[in-house]
Amino acid sequence: MDCYRKYAAVTLTILSVFLHLLHTFPDGEFLMQGCPECKLGENRFFSKPGAPIYQCTGCCFSRAYPTPMRSKKTMLVPKNITSEATCCVAKAFTKITLKDNVKIENHTDCHCSTCYYHKS
């Protein structure tokens, strides 16, 4: 009998931990592998009820290809592979002025395009 109680306690503990993890990550973020696709997402910081503000969020895939020989000759440290990164950016937007003359862009369409700002 004591053996069954231990198994039941362990099973309930594992189930509680699993349910806790499931509720910790809202909107299915826990189940999502990698990064979501590039799309519009509501910016909860600037949005007001009835006046949502959207921004582009998500990931775009980078591509890699062999470095052309003429480019390799000009490199200080020659690389065999060249990569080209793309970022999720606004394809179209409208400018909005909030309180205190704060101007922001409300994105209306997103796409993957060349990254202009890179982290160092």
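A Cβ is built for glycine as well, from the same backbone N, Cα and C atoms used for every other residue.
Listed features, source Swiss-Prot:
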type	residues	note
SIGNAL	1-24	signal peptide
DISULFID	C35-C59	disulfide bond
DISULFID	C38-C88	disulfide bond
DISULFID	C56-C110	disulfide bond
DISULFID	C60-C112	disulfide bond
CARBOHYD	N80	N-linked glycosylation site
DISULFID	C87-C115	disulfide bond
CARBOHYD	N106	N-linked glycosylation site
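Structural mapping of features recorded in Swiss-Prot.
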| residue | record | Cβ contacts under 8 Å, 6 or more apart |
| --- | --- | --- |
| C35 | disulfide bond | G58, C59 |
| C38 | disulfide bond | C56, T57, G58, C59, C60, C88, C110, H111, C112 |
| N80 | N-linked glycosylation site | P66, T67, K72 |
| C87 | disulfide bond | C60, C112, S113, T114, C115, Y116 |
| N106 | N-linked glycosylation site | I53, Y54, F93, T94, K95, I96 |
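For C115 (disulfide bond), other Cβ atoms within 10 Å of its Cβ number 15. Neighbour count (other Cβ atoms within 10 Å of the Cβ, all protein chains): 21 for C56 (disulfide bond). Once Cβ contacts within 10 Å are tallied over all protein chains shown, the disulfide-bonded residues C60, C88 are led by C88.
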